[in-house]
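Please read the structure below before turning to the comments.
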Amino acid sequence: MSQSPKVGFVSLGCPKALVDSEQIITQLRAEGYEISGTYDGADLVVVNTCGFIDEAVQESLDAIGEALTENGKVIVTGCLGAKSSASGSNLIEEVHPKVLAVTGPHAVGEVMQAVHSHLPKPHDPFVDLVPAAGIKLTPRHYAYLKISEGCNHRCTFCIIPSMRGDLVSRPVAEVMLEAENLFKSGVKELLVISQDTSAYGVDVKYRTGFWNGKPIKTRMTDLVAALGELAAQYGAWVRLHYVYPYPSVDEVIPLMAEGPFKGHVLPYLDVPFQHAHPEVLKRMKRPANAEKVLERVQKWREICPDLTIRSTFIAGFPGETEEQFETLLDFIREAELDRVGCFAYSPVEGATANELDGALPDDVREARRARFMEVAEEVSAQRIQRKVGKTLKVLIDEVSAEGGIGRTAADAPEIDGVVYVEPATKASKRYKVGDFVSVKITGADGHDLWGEV
(Lines of atoms letter the chains of each structure in order from A and count residues from 1; the text may use other names and numbers.)
(Lines give C-alpha, C1' and ligand atoms only; values in the text may rest on other atoms or scores of the structure.)
Protein backbone atom coordinates (compact mmCIF):
# COMPACT_ATOMS: atom_id res chain seq x y z
CA MET A 1 0.00 0.00 0.00
CA SER A 2 1.23 3.51 -0.83
CA GLN A 3 2.22 5.99 1.85
CA SER A 4 -1.18 7.69 1.59
CA PRO A 5 -4.07 5.25 1.15
CA LYS A 6 -5.96 5.75 -2.10
CA VAL A 7 -9.72 5.51 -2.65
CA GLY A 8 -11.34 5.19 -6.06
CA PHE A 9 -14.77 6.75 -6.54
CA VAL A 10 -17.68 6.10 -8.92
CA SER A 11 -20.59 8.58 -8.74
CA LEU A 12 -23.91 7.78 -10.45
CA GLY A 13 -27.34 9.39 -10.44
CA CYS A 14 -28.76 12.89 -10.11
CA PRO A 15 -27.15 16.17 -8.95
CA LYS A 16 -28.29 15.44 -5.38
CA ALA A 17 -26.30 12.20 -5.45
CA LEU A 18 -23.39 14.13 -6.95
CA VAL A 19 -23.40 16.45 -3.93
CA ASP A 20 -23.36 13.38 -1.64
CA SER A 21 -20.28 12.19 -3.55
CA GLU A 22 -18.63 15.59 -3.19
CA GLN A 23 -19.20 15.52 0.58
CA ILE A 24 -17.73 12.02 0.91
CA ILE A 25 -14.70 12.90 -1.22
CA THR A 26 -14.21 16.10 0.78
CA GLN A 27 -14.15 14.10 4.02
CA LEU A 28 -11.77 11.53 2.51
CA ARG A 29 -9.34 14.27 1.49
CA ALA A 30 -9.71 15.99 4.86
CA GLU A 31 -8.55 12.79 6.54
CA GLY A 32 -5.55 12.41 4.24
CA TYR A 33 -6.81 9.84 1.76
CA GLU A 34 -5.86 10.32 -1.87
CA ILE A 35 -8.44 9.93 -4.63
CA SER A 36 -7.45 7.52 -7.39
CA GLY A 37 -8.62 7.98 -10.96
CA THR A 38 -8.20 4.28 -11.74
CA TYR A 39 -9.34 1.01 -10.22
CA ASP A 40 -5.86 -0.53 -10.11
CA GLY A 41 -4.43 2.56 -8.44
CA ALA A 42 -6.93 2.41 -5.57
CA ASP A 43 -6.77 0.46 -2.32
CA LEU A 44 -10.57 0.29 -2.34
CA VAL A 45 -13.44 1.79 -4.34
CA VAL A 46 -16.60 3.61 -3.21
CA VAL A 47 -19.59 3.42 -5.57
CA ASN A 48 -22.42 5.94 -5.06
CA THR A 49 -25.52 4.42 -6.66
CA CYS A 50 -28.91 5.45 -8.05
CA GLY A 51 -32.01 3.32 -7.58
CA PHE A 52 -34.83 5.46 -8.93
CA ILE A 53 -35.77 3.65 -12.17
CA ASP A 54 -34.96 0.18 -13.48
CA GLU A 55 -32.31 1.42 -15.92
CA ALA A 56 -30.53 3.27 -13.10
CA VAL A 57 -30.68 0.18 -10.88
CA GLN A 58 -29.06 -1.94 -13.59
CA GLU A 59 -26.42 0.72 -14.30
CA SER A 60 -25.55 0.82 -10.60
CA LEU A 61 -25.38 -2.97 -10.27
CA ASP A 62 -23.15 -3.13 -13.37
CA ALA A 63 -20.86 -0.43 -11.94
CA ILE A 64 -20.53 -2.36 -8.67
CA GLY A 65 -19.73 -5.54 -10.59
CA GLU A 66 -17.08 -3.76 -12.66
CA ALA A 67 -15.47 -2.28 -9.53
CA LEU A 68 -15.39 -5.73 -7.89
CA THR A 69 -13.81 -7.27 -10.98
CA GLU A 70 -11.21 -4.54 -11.46
CA ASN A 71 -10.39 -3.84 -7.81
CA GLY A 72 -12.06 -6.35 -5.50
CA LYS A 73 -12.62 -4.06 -2.50
CA VAL A 74 -15.86 -2.12 -2.86
CA ILE A 75 -18.03 -0.04 -0.51
CA VAL A 76 -21.48 0.88 -1.82
CA THR A 77 -23.60 3.88 -0.84
CA GLY A 78 -26.55 5.83 -2.29
CA CYS A 79 -30.21 5.22 -3.02
CA LEU A 80 -29.82 1.66 -4.27
CA GLY A 81 -28.22 0.78 -0.94
CA ALA A 82 -31.60 1.30 0.72
CA LYS A 83 -33.44 -1.03 -1.63
CA SER A 84 -34.56 -4.57 -0.80
CA SER A 85 -34.91 -7.52 -3.15
CA ALA A 86 -38.07 -9.58 -3.63
CA SER A 87 -36.90 -11.85 -0.81
CA GLY A 88 -36.62 -8.90 1.57
CA SER A 89 -32.83 -8.92 1.82
CA ASN A 90 -30.60 -6.06 0.73
CA LEU A 91 -30.61 -6.03 -3.07
CA ILE A 92 -26.93 -5.13 -3.48
CA GLU A 93 -25.71 -7.72 -0.97
CA GLU A 94 -27.86 -10.35 -2.68
CA VAL A 95 -26.52 -9.58 -6.17
CA HIS A 96 -22.96 -8.76 -5.10
CA PRO A 97 -22.24 -10.58 -1.80
CA LYS A 98 -18.53 -9.69 -1.96
CA VAL A 99 -19.02 -5.96 -1.32
CA LEU A 100 -17.37 -4.79 1.90
CA ALA A 101 -20.25 -2.63 3.12
CA VAL A 102 -23.53 -1.08 1.96
CA THR A 103 -25.13 2.16 3.18
CA GLY A 104 -28.13 4.19 2.09
CA PRO A 105 -28.07 7.76 0.71
CA HIS A 106 -26.67 10.87 2.47
CA ALA A 107 -24.60 8.68 4.81
CA VAL A 108 -21.17 10.35 4.90
CA GLY A 109 -20.50 9.15 8.46
CA GLU A 110 -21.40 5.55 7.67
CA VAL A 111 -19.29 5.54 4.51
CA MET A 112 -16.29 6.93 6.39
CA GLN A 113 -16.75 4.33 9.13
CA ALA A 114 -16.69 1.57 6.49
CA VAL A 115 -13.60 3.09 4.86
CA HIS A 116 -11.84 3.25 8.23
CA SER A 117 -12.65 -0.43 8.89
CA HIS A 118 -11.12 -1.65 5.64
CA LEU A 119 -8.51 1.04 4.95
CA PRO A 120 -7.24 2.76 8.12
CA LYS A 121 -6.82 6.50 7.75
CA PRO A 122 -3.30 7.98 7.76
CA HIS A 123 -1.96 9.61 10.89
CA ASP A 124 -1.55 13.05 9.24
CA PRO A 125 -4.92 14.24 7.84
CA PHE A 126 -3.45 17.00 5.63
CA VAL A 127 -6.39 19.25 6.45
CA ASP A 128 -4.68 22.18 4.78
CA LEU A 129 -4.89 20.43 1.40
CA VAL A 130 -8.69 20.55 1.39
CA PRO A 131 -10.24 23.82 0.18
CA ALA A 132 -12.93 25.40 2.36
CA ALA A 133 -15.43 24.89 -0.45
CA GLY A 134 -14.81 21.14 -0.40
CA ILE A 135 -13.95 18.86 -3.30
CA LYS A 136 -16.23 19.47 -6.27
CA LEU A 137 -16.86 17.23 -9.27
CA THR A 138 -18.31 20.09 -11.31
CA PRO A 139 -16.25 22.65 -13.24
CA ARG A 140 -14.75 25.34 -10.98
CA HIS A 141 -17.17 28.08 -12.07
CA TYR A 142 -20.43 26.44 -11.01
CA ALA A 143 -21.56 24.21 -8.14
CA TYR A 144 -24.66 22.57 -6.71
CA LEU A 145 -25.86 23.66 -3.27
CA LYS A 146 -28.10 21.09 -1.57
CA ILE A 147 -30.31 22.74 1.05
CA SER A 148 -32.29 19.75 2.32
CA GLU A 149 -32.61 16.01 2.09
CA GLY A 150 -35.71 13.83 1.73
CA CYS A 151 -39.32 14.62 0.89
CA ASN A 152 -42.66 14.68 2.74
CA HIS A 153 -44.75 13.97 -0.37
CA ARG A 154 -45.94 10.52 -1.31
CA CYS A 155 -46.37 10.80 -5.07
CA THR A 156 -47.60 7.44 -6.30
CA PHE A 157 -44.98 7.15 -9.05
CA CYS A 158 -42.02 7.90 -6.79
CA ILE A 159 -40.03 5.90 -4.23
CA ILE A 160 -37.57 8.64 -3.22
CA PRO A 161 -39.04 9.09 0.32
CA SER A 162 -38.59 5.37 1.00
CA MET A 163 -34.89 5.70 0.11
CA ARG A 164 -34.01 9.21 1.28
CA GLY A 165 -36.57 9.63 4.06
CA ASP A 166 -38.74 12.58 5.05
CA LEU A 167 -37.65 16.19 4.63
CA VAL A 168 -34.62 17.26 6.69
CA SER A 169 -33.62 20.89 6.12
CA ARG A 170 -30.00 21.93 6.59
CA PRO A 171 -29.44 24.75 9.10
CA VAL A 172 -29.56 28.06 7.25
CA ALA A 173 -26.19 29.18 8.63
CA GLU A 174 -24.58 25.97 7.36
CA VAL A 175 -26.05 26.55 3.89
CA MET A 176 -24.90 30.17 3.83
CA LEU A 177 -21.38 29.25 4.96
CA GLU A 178 -21.07 26.70 2.17
CA ALA A 179 -22.38 29.25 -0.34
CA GLU A 180 -19.87 31.86 0.82
CA ASN A 181 -16.98 29.38 0.61
CA LEU A 182 -18.05 28.43 -2.90
CA PHE A 183 -18.22 32.04 -4.06
CA LYS A 184 -14.83 32.74 -2.48
CA SER A 185 -13.37 29.78 -4.38
CA GLY A 186 -14.41 31.32 -7.70
CA VAL A 187 -17.84 29.77 -8.28
CA LYS A 188 -19.93 32.04 -10.54
CA GLU A 189 -23.18 30.08 -10.42
CA LEU A 190 -24.86 28.26 -7.53
CA LEU A 191 -27.57 25.77 -8.43
CA VAL A 192 -29.87 25.30 -5.44
CA ILE A 193 -31.14 21.72 -5.26
CA SER A 194 -33.06 19.34 -2.99
CA GLN A 195 -35.91 16.87 -3.36
CA ASP A 196 -38.35 19.72 -2.64
CA THR A 197 -36.77 23.18 -2.54
CA SER A 198 -40.06 24.97 -1.82
CA ALA A 199 -40.53 22.98 1.41
CA TYR A 200 -37.24 24.17 2.91
CA GLY A 201 -37.76 24.71 6.63
CA VAL A 202 -41.17 23.02 6.94
CA ASP A 203 -39.70 20.30 9.14
CA VAL A 204 -38.23 22.84 11.60
CA LYS A 205 -41.28 25.15 11.49
CA TYR A 206 -39.28 27.84 9.70
CA ARG A 207 -37.15 28.46 12.76
CA THR A 208 -34.85 31.47 12.75
CA GLY A 209 -31.14 30.96 12.24
CA PHE A 210 -28.33 33.49 12.21
CA TRP A 211 -25.74 34.32 9.58
CA ASN A 212 -23.13 37.01 10.17
CA GLY A 213 -25.20 38.23 13.10
CA LYS A 214 -28.37 38.62 11.02
CA PRO A 215 -31.50 36.53 11.62
CA ILE A 216 -32.64 34.45 8.65
CA LYS A 217 -35.69 32.19 8.73
CA THR A 218 -35.25 28.61 7.56
CA ARG A 219 -37.62 29.29 4.68
CA MET A 220 -37.19 29.29 0.92
CA THR A 221 -37.96 32.97 0.31
CA ASP A 222 -35.66 34.15 3.11
CA LEU A 223 -32.87 31.82 2.03
CA VAL A 224 -33.13 32.90 -1.61
CA ALA A 225 -32.97 36.57 -0.56
CA ALA A 226 -29.88 35.89 1.56
CA LEU A 227 -28.23 33.93 -1.24
CA GLY A 228 -29.09 36.71 -3.68
CA GLU A 229 -27.46 39.30 -1.43
CA LEU A 230 -24.35 37.14 -1.12
CA ALA A 231 -24.23 36.44 -4.87
CA ALA A 232 -24.45 40.17 -5.60
CA GLN A 233 -21.25 40.73 -3.60
CA TYR A 234 -19.41 38.32 -5.90
CA GLY A 235 -21.19 39.18 -9.14
CA ALA A 236 -22.56 35.64 -9.29
CA TRP A 237 -25.76 33.80 -10.16
CA VAL A 238 -28.19 31.74 -8.04
CA ARG A 239 -30.46 29.29 -9.89
CA LEU A 240 -33.42 27.43 -8.33
CA HIS A 241 -34.20 23.79 -9.07
CA TYR A 242 -36.86 21.28 -7.90
CA VAL A 243 -39.31 24.01 -6.92
CA TYR A 244 -42.61 22.38 -5.98
CA PRO A 245 -45.45 24.76 -7.02
CA TYR A 246 -46.49 25.93 -3.53
CA PRO A 247 -48.07 29.40 -3.11
CA SER A 248 -44.81 30.48 -1.45
CA VAL A 249 -43.14 30.42 -4.87
CA ASP A 250 -45.11 33.59 -5.66
CA GLU A 251 -42.97 35.42 -3.09
CA VAL A 252 -39.73 34.52 -4.86
CA ILE A 253 -40.67 35.90 -8.29
CA PRO A 254 -40.30 39.60 -7.29
CA LEU A 255 -36.73 38.87 -6.11
CA MET A 256 -35.94 37.84 -9.68
CA ALA A 257 -37.66 40.81 -11.29
CA GLU A 258 -36.54 43.88 -9.36
CA GLY A 259 -34.42 45.25 -6.56
CA PRO A 260 -30.82 44.48 -5.57
CA PHE A 261 -31.06 40.76 -6.37
CA LYS A 262 -32.15 41.19 -10.01
CA GLY A 263 -29.53 39.59 -12.22
CA HIS A 264 -28.26 37.47 -9.33
CA VAL A 265 -31.36 35.47 -8.36
CA LEU A 266 -31.93 34.25 -11.89
CA PRO A 267 -35.39 34.47 -13.49
CA TYR A 268 -35.48 30.70 -13.79
CA LEU A 269 -37.65 28.07 -12.13
CA ASP A 270 -37.39 24.32 -12.44
CA VAL A 271 -40.94 23.24 -11.48
CA PRO A 272 -41.90 19.54 -11.83
CA PHE A 273 -45.60 19.88 -12.79
CA GLN A 274 -45.80 16.20 -13.97
CA HIS A 275 -49.28 16.59 -15.55
CA ALA A 276 -52.13 19.05 -16.08
CA HIS A 277 -55.35 17.05 -15.84
CA PRO A 278 -56.88 17.04 -12.33
CA GLU A 279 -57.83 13.36 -12.41
CA VAL A 280 -54.36 12.26 -13.42
CA LEU A 281 -52.78 14.58 -10.85
CA LYS A 282 -55.09 13.11 -8.21
CA ARG A 283 -53.92 9.59 -9.07
CA MET A 284 -50.36 10.85 -8.86
CA LYS A 285 -51.11 12.52 -5.49
CA ARG A 286 -49.98 15.86 -6.89
CA PRO A 287 -51.65 19.31 -6.62
CA ALA A 288 -54.74 18.94 -8.79
CA ASN A 289 -55.84 22.41 -9.94
CA ALA A 290 -54.26 22.96 -13.35
CA GLU A 291 -56.33 26.08 -14.05
CA LYS A 292 -54.88 27.82 -11.01
CA VAL A 293 -51.39 26.65 -11.96
CA LEU A 294 -51.85 28.21 -15.40
CA GLU A 295 -53.08 31.45 -13.82
CA ARG A 296 -50.05 31.50 -11.55
CA VAL A 297 -47.63 30.91 -14.43
CA GLN A 298 -49.21 33.81 -16.29
CA LYS A 299 -49.01 35.99 -13.16
CA TRP A 300 -45.34 35.08 -12.66
CA ARG A 301 -44.62 36.23 -16.20
CA GLU A 302 -46.50 39.49 -15.66
CA ILE A 303 -44.24 40.23 -12.69
CA CYS A 304 -41.08 38.85 -14.31
CA PRO A 305 -41.37 38.88 -18.14
CA ASP A 306 -37.92 37.29 -18.55
CA LEU A 307 -38.86 34.25 -16.45
CA THR A 308 -37.77 30.89 -17.86
CA ILE A 309 -39.76 27.87 -16.69
CA ARG A 310 -38.40 24.34 -16.99
CA SER A 311 -40.56 21.35 -16.09
CA THR A 312 -40.90 17.60 -16.34
CA PHE A 313 -43.98 15.53 -17.16
CA ILE A 314 -45.11 11.91 -17.31
CA ALA A 315 -47.08 10.67 -20.32
CA GLY A 316 -49.11 7.47 -20.27
CA PHE A 317 -49.71 7.33 -16.52
CA PRO A 318 -52.07 4.48 -15.50
CA GLY A 319 -55.65 5.41 -16.37
CA GLU A 320 -54.71 8.41 -18.53
CA THR A 321 -57.31 8.77 -21.31
CA GLU A 322 -56.73 10.36 -24.71
CA GLU A 323 -58.84 13.32 -23.59
CA GLN A 324 -56.76 13.77 -20.45
CA PHE A 325 -53.58 13.59 -22.51
CA GLU A 326 -54.94 16.27 -24.86
CA THR A 327 -55.52 18.46 -21.78
CA LEU A 328 -51.83 18.10 -21.01
CA LEU A 329 -50.89 19.17 -24.55
CA ASP A 330 -53.19 22.19 -24.28
CA PHE A 331 -51.52 23.16 -21.01
CA ILE A 332 -48.06 23.06 -22.61
CA ARG A 333 -49.24 25.35 -25.39
CA GLU A 334 -51.00 27.82 -23.08
CA ALA A 335 -48.31 27.91 -20.39
CA GLU A 336 -45.57 28.34 -23.04
CA LEU A 337 -43.02 26.45 -21.00
CA ASP A 338 -39.47 27.17 -22.12
CA ARG A 339 -37.75 23.87 -21.38
CA VAL A 340 -39.60 20.59 -20.96
CA GLY A 341 -38.68 16.98 -20.41
CA CYS A 342 -41.11 14.07 -20.63
CA PHE A 343 -40.91 10.44 -19.59
CA ALA A 344 -43.16 7.67 -20.80
CA TYR A 345 -44.54 6.19 -17.57
CA SER A 346 -42.43 3.29 -16.37
CA PRO A 347 -43.38 1.17 -13.35
CA VAL A 348 -40.89 1.58 -10.52
CA GLU A 349 -40.54 -1.29 -8.08
CA GLY A 350 -42.12 -0.28 -4.77
CA ALA A 351 -44.20 2.61 -6.18
CA THR A 352 -47.89 2.59 -5.26
CA ALA A 353 -48.80 3.60 -8.84
CA ASN A 354 -48.13 -0.02 -9.78
CA GLU A 355 -51.38 -0.94 -8.02
CA LEU A 356 -53.51 1.51 -10.04
CA ASP A 357 -55.95 0.25 -12.67
CA GLY A 358 -55.70 1.22 -16.31
CA ALA A 359 -52.07 0.43 -17.12
CA LEU A 360 -51.40 1.45 -20.73
CA PRO A 361 -49.46 -0.62 -23.29
CA ASP A 362 -45.82 0.31 -23.83
CA ASP A 363 -46.42 1.50 -27.40
CA VAL A 364 -49.20 3.87 -26.28
CA ARG A 365 -47.05 5.35 -23.53
CA GLU A 366 -44.12 5.87 -25.87
CA ALA A 367 -46.34 7.33 -28.61
CA ARG A 368 -47.78 9.86 -26.18
CA ARG A 369 -44.31 10.81 -24.99
CA ALA A 370 -43.27 11.42 -28.60
CA ARG A 371 -46.39 13.50 -29.32
CA PHE A 372 -45.81 15.48 -26.14
CA MET A 373 -42.20 16.27 -27.06
CA GLU A 374 -43.23 17.33 -30.56
CA VAL A 375 -45.56 19.97 -29.10
CA ALA A 376 -43.10 20.97 -26.37
CA GLU A 377 -40.26 21.43 -28.85
CA GLU A 378 -42.49 23.56 -31.07
CA VAL A 379 -43.33 25.84 -28.12
CA SER A 380 -39.70 25.97 -27.01
CA ALA A 381 -38.52 26.86 -30.52
CA GLN A 382 -41.00 29.73 -30.73
CA ARG A 383 -39.84 31.16 -27.42
CA ILE A 384 -36.14 30.81 -28.16
CA GLN A 385 -36.49 32.54 -31.55
CA ARG A 386 -37.60 35.69 -29.71
CA LYS A 387 -34.06 36.02 -28.35
CA VAL A 388 -32.48 36.56 -31.77
CA GLY A 389 -31.21 40.13 -32.04
CA LYS A 390 -30.99 40.62 -28.27
CA THR A 391 -27.79 41.02 -26.26
CA LEU A 392 -27.64 38.53 -23.38
CA LYS A 393 -25.28 37.86 -20.49
CA VAL A 394 -23.53 34.53 -21.02
CA LEU A 395 -21.43 32.43 -18.64
CA ILE A 396 -18.65 30.71 -20.60
CA ASP A 397 -18.34 26.95 -20.00
CA GLU A 398 -15.85 25.95 -22.71
CA VAL A 399 -13.32 27.69 -24.96
CA SER A 400 -11.56 26.36 -28.06
CA ALA A 401 -10.11 27.66 -31.31
CA GLU A 402 -13.61 27.50 -32.80
CA GLY A 403 -15.00 29.83 -30.14
CA GLY A 404 -16.81 29.42 -26.86
CA ILE A 405 -19.79 27.55 -25.47
CA GLY A 406 -21.76 29.19 -22.70
CA ARG A 407 -25.15 29.56 -21.11
CA THR A 408 -27.61 32.37 -20.49
CA ALA A 409 -29.71 32.88 -17.38
CA ALA A 410 -32.29 30.67 -19.12
CA ASP A 411 -30.01 27.64 -19.33
CA ALA A 412 -28.94 25.32 -16.52
CA PRO A 413 -25.88 23.15 -17.19
CA GLU A 414 -26.35 19.80 -18.95
CA ILE A 415 -30.16 19.86 -19.10
CA ASP A 416 -30.90 23.03 -21.10
CA GLY A 417 -29.50 24.68 -24.21
CA VAL A 418 -26.21 26.45 -24.83
CA VAL A 419 -24.91 29.51 -26.66
CA TYR A 420 -22.24 28.97 -29.31
CA VAL A 421 -20.07 32.09 -29.22
CA GLU A 422 -17.88 33.22 -32.12
CA PRO A 423 -14.13 33.50 -31.43
CA ALA A 424 -13.08 36.91 -30.13
CA THR A 425 -11.74 39.13 -32.94
CA LYS A 426 -10.11 41.67 -30.61
CA ALA A 427 -7.97 41.29 -27.51
CA SER A 428 -10.51 43.36 -25.56
CA LYS A 429 -13.18 40.78 -26.36
CA ARG A 430 -11.25 37.66 -25.39
CA TYR A 431 -12.87 35.40 -22.84
CA LYS A 432 -12.04 32.34 -20.78
CA VAL A 433 -13.98 29.65 -18.93
CA GLY A 434 -15.91 31.17 -16.03
CA ASP A 435 -16.18 34.65 -17.58
CA PHE A 436 -19.44 36.51 -17.98
CA VAL A 437 -19.64 38.11 -21.44
CA SER A 438 -22.28 40.11 -23.31
CA VAL A 439 -23.28 38.24 -26.45
CA LYS A 440 -25.43 39.51 -29.30
CA ILE A 441 -27.64 36.62 -30.40
CA THR A 442 -27.47 36.12 -34.16
CA GLY A 443 -29.25 32.80 -34.60
CA ALA A 444 -31.24 30.03 -32.94
CA ASP A 445 -32.58 26.56 -33.53
CA GLY A 446 -35.13 24.73 -31.42
CA HIS A 447 -32.74 24.33 -28.50
CA ASP A 448 -29.54 26.41 -28.77
CA LEU A 449 -28.39 29.93 -29.63
CA TRP A 450 -25.52 31.40 -31.66
CA GLY A 451 -23.94 34.79 -31.09
CA GLU A 452 -20.90 37.05 -30.96
CA VAL A 453 -19.26 39.06 -28.18
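Each Cβ is built from the backbone N, Cα and C atoms, and glycine gets one as well.
Over in Swiss-Prot, the protein carries these features:
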- Cys14, Cys50, Cys79: [4Fe-4S] cluster 1 binding site (BINDING)
- Cys151, Cys155, Cys158: [4Fe-4S] cluster 2 binding site (BINDING)
- 5-120: domain 'MTTase N-terminal' (DOMAIN)
- 137-382: domain 'Radical SAM core' (DOMAIN)
- 385-453: domain 'TRAM' (DOMAIN)
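In this structure, Cys155 ([4Fe-4S] cluster 2 binding site) belongs to neither helix nor strand by DSSP; it is coil.
The CA atom of Cys14 ([4Fe-4S] cluster 1 binding site) is located 15 Å away from the CA atom of Cys158 ([4Fe-4S] cluster 2 binding site). A distance of 13 Å separates the Cα atom of Cys158 ([4Fe-4S] cluster 2 binding site) from that of Cys79 ([4Fe-4S] cluster 1 binding site). The Cβ of Cys151 ([4Fe-4S] cluster 2 binding site) lies under 8 Å from the Cβ of Cys158, Ile160, Pro161, Arg164, Asp166, Leu167, Gln195, Asp196, Ala199, each of which sits 6+ residues away along the same chain. When the binding-site residues Cys14, Cys158 are compared by the number of other C-beta atoms lying within 10 angstroms of their own C-beta, Cys14 comes out lowest. Cys79 ([4Fe-4S] cluster 1 binding site) sits 17 Å from Cys155 ([4Fe-4S] cluster 2 binding site), taking the CA atoms of both as reference points. Excluding Cys151, Cys155, Cys158, which define the [4Fe-4S] cluster 2 site, the same chain contributes His153, Arg154, Phe157, Ile159, Ile160, Pro161, Gln195 within 8 Å (Cβ to the Cβ centroid), listed in sequence order. What surrounds the [4Fe-4S] cluster 1 site, by Cβ distance within 8 Å of the Cβ centroid and not counting Cys14, Cys50, Cys79, is the set Leu12, Gly13, Lys16, Ala17, Thr49, Gly51, Phe52, Ala56, Gly78, Leu80, Pro105 from the same chain.
Under DSSP, residues within the domain 'MTTase N-terminal' (5-120) fall into helix, strand and coil as 53 helix, 24 strand, 39 coil. Looking only at the binding-site residues Cys50, Cys79, Cys155, the densest Cβ neighbourhood within 10 Å occurs at Cys79. Separation of the C-alpha atoms of Cys50 ([4Fe-4S] cluster 1 binding site) and Cys155 ([4Fe-4S] cluster 2 binding site): 19 Å, rounded to the nearest whole number.
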